[in-house]
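All remarks here apply to the structure that follows.
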Amino acid sequence: MKRLFALVIAGLLPLLGGCEMVVFQPQGPAARSITELINWSIWWMLLVVVVVFALFAYIVWKYRDRPERQGEEPPEEHGSTVLEIVWTVIPILIVIALTIPTVRTLYDLEKPPKGYENEKPLVIHVTSADWKWIFSYPEQNIETVNYVNIPANRLVLFKMTSASTMQSFWVPALAGQKYTMNKMETELYVVADRPGSYEGRNTNFNGRGYAHMQFEVLAQTPQEFEKWVQEVKQTAPKLTKEKYEQLLLPTHLGRLTFVDTHLQWVNHADPHSKTYTNPELYRGHGYQGKIFIREDNYKNSSTCNDEEQKALESDSGGEHHGH
Amino acid sequence: MGIKWNEIFVGGDPLLVGSQIAIVLTVVAIVVGLTYFKKWGWLWREWLTTVDHKKIGIMYILSGVLMFFRGGIDGLLMKAQTARPEMNFLDAQHYNEIFTTHGVIMILFMAMPFLIGLMNVVVPLQIGARDVAFPQLNALSFWLFFSGAMLFNISFVVGGSPDAGWTSYFPLAGKEFSPGIGNNYYAIALQIAGLGTLMTGINFIVTILKMRAPGMTLMKMPMFTWTTLITSIIIVAAFPIFTVALALMTFDRLYGTHFFTLSSGGSDMLWANLFWLWGHPEVYIVILPAFGIFSEVIATFSRKTLFGYTSMVVSIVGIAFLSMIVWVHHFYTMDAGPAVNSFFSITTMLIAVPTGVKIFNWLFTMRKGRIQFTTAMLWALAFVPNFVIGGVTGVMLAMAAADYQYHNTLFLVAHFHYVLIPGVVFAVFAGLYYWWPKMFGFMLNEKLGKYHFWLFVIGFNVTFMPMFFLGLKGAVRRAYTYSAESGFAPLFLVSAIGSIILAIGFAVFCYNIYWSFRYAKRNVSHDPWDARTLEWMTASPVQFYNFAVVPEVKQLDAFWHMKKRGETLTLKESDIKKIHMPSNSGLPFYMAVVFGITGFFLVFEAHIAAAVAAIGIVIGLVIRSFDYNDGYYVSVDEIKRTERTWRNVEGGTENHVG
């Protein structure tokens, strides 16, 4: 079995040779610290694999049944306290060796990377929707869809939320992933070492359009970035409320660029924000069930006048937060 | 009744229409066959109404084989779709449905019934009992499970499959994003099957605690019985959480509550927590009995007692405890903060400690032994290295910071297949080859068994090893396709080829069952493996009352030491007394039918029809409350006759190993 196993591995190697593993080619300090942690764990795990495989091969070979052992009676043996303590303590030591850097990395990833502690970050709001990524630059007053330009070597803080399903923001070359959730805000510090284009995508399954929910992170030199901002301001159309609601429909979109951000109407991270769902648009094949529309849906706010809105709220009877 | 009957069949896709035709033809063939061979009465008396733990176990195993087939087809379709980039074999919706049903079916309707089936067949025999503590409840467990499984399985042709993943994460699985009734099947069918599992848990706890043969203290129990006990305790601890979560999901989807919705203050994170509070223990519910099976098989074929029995017991208790406090590792990326993630990293990595203890104990059981390479033992041997790969990658995933790069990628998918296939599926095969003669009185063919073994193990590695690397290259799970530029294509193709080898291996197993059923020698001994535990002391196949006289246990591996002392086949006929046995009952089957009908109406949101059907459930409960049938006695004469038949032919039987 071992030989066949080795053959399988050997057969796979040429397939791996030509291709690159993004997790091992970090392009920013956040991703790099994770890669270092992974490399550290791989050495320990290889050690475990080698020891167990060797012991396994040795024991199975040495104590296999052979014709001349016919009738031989193996000894009664109930255990060995010393050995059992040994193989309890060694794994505990390995766990400790892995825990310390894990915890350290966990805390580090929540802070700006080393060397960028005192820098004021460029804040970009990330809003995931079905099935696209929306990036808002409040400072620059720009909004982009399915691509995000950042200056290289500068601290970027992504403030992430979702307008719909639970999704996961992942740019493996730059940083580990984090979920985006409606009425919730998650934060991610990212620095790109140098200009370049990096792939990002959603990793958390969210229906029909999931496979294509990708975006590009383009790291530019500060001058290029500034130039791009100015260009957008001069050429891009203005984002209107109607246009924004259209963006949120469950569709695939290419790259889009706007002046103004949707944050002026709604921040989906706000726990009291309206819910932007429309179940009718998710009707698929198969038998259809009953759907329920809630009073905090954005549709209601645009169709109801104020009195109806109040009536709805008193009907619901429950606690309703700030309007 | 509120159902648009003309709309319930899912049509359009040639694959689906083909399946619908195949299902109709199969049902017709079964009905015609049963009628032609006049087997309806036999089916009803011997199987549908049985309360015999061995027959119930066999029905569980048969369901497991069927569901393995269904889940396997789902897997093959996924592999076909991803074999090349930008394939159009399945569309996104179809692919989403298939990976959802693949996951649900493989965990809940394949792994669970296989293991519960083996527990049913083996545990009462191992502890020297005549049946489980509550035989009729046991039948109800099976029939509820079966009812739920069938309800879930018709979804893809009737009404539409669930399509939100086996984790069914909200808000996606809610009405806001999935207005079709597919996910109602998830909520209702799993609820019905889960009730059955919960009852099994209670039943086995009582059976093992109260019905052991005289002299068998807890620390003299065979390891499979120990793992079954601990598994049952986890079932009783964890399944109610799932029951509640599914009930809340049902309210959300059917009645418009908002526990998990986006709107009106629901929390999608609540679902993730409740799901994994059950879901992670569930992983250990399927892995612990498998550990028990390996312990029995490795001890028997090394011809040595299990090394470090006490530390094995402590390990499974430790694993069971830790399994309840690691659930957050399924969503480190939810941003609960570094302190929470650190805590759950540590608890998760700690599971490696008791698991490592078990691996070394198994290795040292084989050391100084005389290892016999039977098919059952080959599965146990292959388990060790393959499971170690699953284990070390599990530790890598446990490190929360590193998980930010593995989460939801194929690295994770490869990891859990490396844990669940060697850990559970290899164990089930080991258990089936090992206990088959005990169940049926003939062996599975060893030569075909070895073809099955090699094809399956090689196919498994070729399928899932590339997925580790795909994950590190950035390929995510559940994506129905990928671009040609991604560079994923060669590894996906290798993986698809592996899945075909895997499938051929399973086909050989099915053929082996058929071949052995037709041609295998029937004069197999009651103890063909020269084994160690009590189930091998009685006839193969086991007579319905299990033991003519309940054996007395003096130490661990009781049967082995009885053989040493030469006291196995001596049965003093004067010791035989009449035996009390439970009567058959049609009630569990009836309950499955009414639960199935009620569930079906609920799935289609026909609330009044469901309420009417649910009256049938109450009627069943009432009938059961007035059931005064206390069972019957087997006469001493009948026992003597039965015992003489198998004990007399003993001289002319074949032992397989010596």
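Quick reminder: no glycine exception, Cβ is built from N, Cα and C everywhere.
Whatever TrEMBL says is automated annotation, not expert-curated.
The feature compositional bias 'Basic and acidic residues' is assigned by TrEMBL to A:307-323.
Summarising the annotation, TrEMBL assigns domain 'Cytochrome oxidase subunit II transmembrane region profile' to A:15-113.
Look at TrEMBL and you will find A:119-231 tagged as domain 'Cytochrome oxidase subunit II copper A binding'.
What TrEMBL lists as region 'Disordered' is A:302-323.
Feature annotation from TrEMBL assigns transmembrane segment to A:37-61 (among others).
Under 8 Å from some Cβ of the transmembrane segment (A:82-103) lie the Cβ atoms of residues 36-37, 40-41, 44, 48, all in the same chain and six or more residues away from its ends. Per TrEMBL, transmembrane segment is recorded for A:82-103 (among others).
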How does the domain 'Cytochrome oxidase subunit II copper A binding' (A:119-231) divide up by DSSP, counting helix, then strand, then coil residues?
13 helix, 60 strand, 40 coil
Give the nonlocal contacts of the transmembrane segment (A:37-61) in its own chain as ranges (CB under 8 Å, at least six residues past its ends).
2, 23-24, 94, 97-98, 101-102, 105
Tell me, roughly as an integer, the mean pLDDT over the domain 'Cytochrome oxidase subunit II copper A binding' (A:119-231).
95
